[in-house]
Amino acid sequence: MHPYFSLAGRIALVTGGSRGIGQMIAQGLLEAGARVFICARDAEACADTATRLSAYGDCQAIPADLSSEAGARRLAQALGELSARLDILVNNAGTSWGAALESYPVSGWEKVMQLNVTSVFSCIQQLLPLLRRSASAENPARVINIGSVAGISAMGEQAYAYGPSKAALHQLSRMLAKELVGEHINVNVIAPGRFPSRMTRHIANDPQALEADSASIPMGRWGRPEEMAALAISLAGTAGAYMTGNVIPIDGGFHL
């Protein structure tokens, strides 16, 4: 592997790493040489995924429910017992909620905002000591937040809280990038369009819906796991050392 993309000796944590985009990124980081911890609320699924991903490198599971500040604190404590530092934090855990406008529940809105925005803030806050231990001017620590093209473009689909939550995450990331750059901690956002995941499987499993959805994307298709992994590796590697405060769409041109 070219040294520009090697993550040998680096320690990474991927939240929501048991499936979907989180699993894609975790596998990519492992293949690039990083030691990777994944966390998810479902302890069994998290452990099963870590076992599968161990075929690519050193992967360990940390069960964690990030729906509260206490959960983020427990995650940081658990990671601190396993590693003295954290080089790469990927905040991927998230959720959505869909319902008609007239019946959209406030409880659903609050759940989406809590997990997609507040929990990311709490995770960064609680993991700052470990990130600071790895940060240097030559090789900054990296925070990679997983936003969405829905935070850039008005996608609708009755997911009224999802787009606003991702737009809020994008802005939070810019603010943190500005604040933490002096401590050699870089904060960037990956804003995916369509990728295979639990959140999009209802479309993927319907051939007509998949065809119509793909037609709305300028490149005419969904993203592939290796494309998501490659972008994360770039941000975690040499290219990401001189980047902070960016929101990077990976959506086949959907945001244009």
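Each residue's number is its place along the chain shown, starting with 1.
Cβ atoms are placed via backbone N, Cα and C, with glycine included.
For A34 (NADP(+) binding site), the same-chain residues lying six or more positions away in sequence with a CB closer than 8 A to its CB are L7, A8, R10, I11, A12, G57, D87, I88, A236. Residues or ranges marked as NADP(+) binding site in Swiss-Prot (evidence: similarity to another entry): 14-38.
For S148 (substrate binding site), the same-chain residues lying six or more positions away in sequence with a CB closer than 8 A to its CB are Y162, G163, K166, A191, P192. Following the DSSP three-state reduction, the secondary structure of S148 (substrate binding site) is coil. Feature annotation from Swiss-Prot assigns substrate binding site to S148; the stated evidence is similarity to another entry.
Residues or ranges marked as active site, proton acceptor in Swiss-Prot (evidence: similarity to another entry): Y162.
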Problem - Listed in sequence order, residues with CB under 8 A of V14 (NADP(+) binding site) and six or more positions away - result: G22, I25, A26, L29, V36, F37, I38, C39, V90, N92
Problem - Under 8 Å by Cβ from L30 (NADP(+) binding site), counting only residues of that chain that are 6 or more apart - result: V36, L53, Y56, G57, D58, C59
